[in-house]
Amino acid sequence: MTSTRKSNPIMKMVNHAFIDLPTPSNISMWWNFGSLLATCLLLQIITGLFLAMHYSPDTSSAFSSIAHITRDVNYGWIIRYLHANGASMFFICLFLHVGRGLYYGSFLLLETWNIGILLLLTVMATAFMGYVLPWGQMSFWGATVITNLLSAIPYIGTDLVQWVWGGYSIDKPTLTRFFTIHFTLPFIIVALTTLHLLFLHETGSNNPCGIISNSDKIPFHPYYTTKDILGLTLLLLLLMMLVLFLPDLLSDPDNYTPANPLSTPPHIKPEWYFLFAYAILRSVPNKLGGVLALLLSILILMAMPMLHKSKQQSMTFRPLSQLMLWLLTTTLITLTWIGSQPVNQPFIMIGQMASMTYFTTILILMPLASLTENKLLKWT
C-alpha cells in the first residue's frame with residue numbers, strides 16, 4: 001500500500017518539497033539559511049499578529065500602546081522584543097544567504113535569484129514600515145527623511161511624497177497606511193517564498209563544488225532536516241540571548257522618546273541593517289544621485305549573472321575571486337559603521353571611498369579577477 005505522504009494530494013506536495021527531495025550530498029551549513037529564514041518569517045508573522053491585537057495605529061496613542069504592550073499585556077514584553085530582535089536575526093540570515101549565493105555562484109539559477117532579490121526588497125520595505133510604527137523620535141524622523149527621498153523624482157516627486165504621506169506632512173494617515181502595508185507585506189513575502197522554492201526545485205540546489213550533482217543525491221529527510229535543526233537551535237539560542245539579556249542592544253535610544261515634529265534628533269539614522277545603503281545614499285552630494293545609488297546598491301545584485309565571467313560556477317577553487325568577495329564584505333561592514341556616524345569629516349570621505357569601492361568591486365574587480373583566473377588556468 002502506498003504511503004499517505006505519497007498518495008494524499010497535499011502531503012504529496014510536502015513530500016516532494018521537504019521529505020523525498022533529491023539533495024546534493026555535499027551541501028554545507030551555508031545552505032541552512034533558507035530554512036532559518038522561513039523560521040524567522042514564521043516567528044515574525046506570529047509575534048506580529050499578537051502585537052497587532054494590542055497596537056493602536058493612531059498618532060495620539062501609538063507610542064503609549066507600545067508601552068502598554070510592554071508593561072500590561074501578559075508576556076507582551078517578550079512578544080515585542082522577539083519581534084524587534086527577530087527582524088535583526090532575519091536580516092543577518094538574509095545577508096549571509098545572499099553572501100552564500102555570491103560565493104557559490106547560485107545567481108546562475110536566474111529565476112530563483114531574481115525572486116530572491118525581489119524578496120530582499122520586500123523584506124526591507126516591510127522592516128522600514130515596521131520601524132515607523134512605535135512612533136518614537138527616530139520612527140518619525142526616519143520616516144520623514146526616507147519618504148522625502150521620493151521628492152528627488154523629477155516632475156512628480158513632490159506630489160508623490162504628499163500622496164504617500166496622505167497630507168502635507170507625516171501624520172495620522174501616514175501611520176495608518178504604514179501599519180496596513182506592514183501587516184499585508186509578510187503575506188506577500190510568503191507567496192514570493194513559495195515561488196522562490198518552486199523555481200529552486202525546478203533546477204535543484206547548487207553545491208559547494210559548483211558542479212552537476214545528479215549522480216550523487218540523497219533525500220532531504222532525515223539528513224538535512226537534522227542538519228537544519230542544529231542551525232535552528234543556534235539561531236534561537238542567539239535570539240533568546242538577545243531578547244532576555246540585551247533586548248535594546250540593536251535599537252535606538254531616541255525611539256524611547258515620543259515623536260515630536262518640532263524637535264529634530266541630533267543624528268537621524270535607520271536600523272543597523274539599512275546603514276550600508278544609508279551610507280551610500282549620504283555619500284553622493286546630489287539628492288537624485290544619492291537615491292539612484294541607494295537603489296543600485298541592491299539592484300546591482302540583478303546584474304551578477306551578467307558580470308560572471310569565470311568558467312567555474314563556484315568560488316571554491318578561485319582564490320582571486322574569494323579575495324574580491326572578502327573585499328566586498330569588509331566594504332559593507334565599513335559602510336554599516338559609517339552610516340551610524342554623524343555627517344562630518346573624516347566619516348564623509350571614508351563613506352565616499354567605501355561607496356566607490358563597493359561599486360568598483362562588483363562591476364570591475366570581480367569580473368577582472370574571474371578573467372585572470374581563466375587566463376591562469378588556460379581556460380580562455
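One is the number of the first residue shown, and numbering goes on along the chain from there.
Glycine is treated like the rest: Cβ placed from N, Cα and C.
If you check Swiss-Prot, you get these features:
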type	residues	note
BINDING	H83, H182	heme b b562 binding site
BINDING	H97, H196	heme b b566 binding site
BINDING	H201	ubiquinone binding site
TRANSMEM	33-53	transmembrane segment
TRANSMEM	77-98	transmembrane segment
TRANSMEM	113-133	transmembrane segment
TRANSMEM	178-198	transmembrane segment
TRANSMEM	226-246	transmembrane segment
TRANSMEM	288-308	transmembrane segment
TRANSMEM	320-340	transmembrane segment
TRANSMEM	347-367	transmembrane segment
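Sequence features annotated in Swiss-Prot and their locations in the structure.
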residue : record                   : Cβ contacts under 8 Å, 6 or more apart
H83     : heme b b562 binding site : Q44, T47, G48, L51
H97     : heme b b566 binding site : F33, G34, L37, G116
H182    : heme b b562 binding site : T126, M129, G130, L133
H196    : heme b b566 binding site : T112, I115, G116, L119
H201    : ubiquinone binding site  : H16, A17, L21
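In this chain, the transmembrane segment (288-308) lies close to the transmembrane segment (347-367): three or more C-beta pairs between them fall below 8 angstroms, excluding pairs fewer than 6 positions apart. Taking Cβ pairs closer than 8 Å, the transmembrane segment (226-246) reaches residues 29, 32-33, 35-36, 39-40, 78, 81-82, 85-86, 88-89, 93 in its own chain, all 6 or more past its ends. With respect to Cβ pairs under 8 Å, the transmembrane segment (33-53) is most closely packed against 77-98, considering the stretches 77-98, 113-133, 178-198. Beyond its flanks by at least six residues, the transmembrane segment (113-133) meets 55, 57, 62, 87, 90-91, 94, 97-98, 101, 106-107, 139-140, 142-143, 146, 174-175, 178-179, 181-182, 185-186, 188-189, 192-193, 195-196, 199, 270-271, 273-274, 298-299, 301-302, 304-305 of its own chain at Cβ-Cβ distances under 8 Å.
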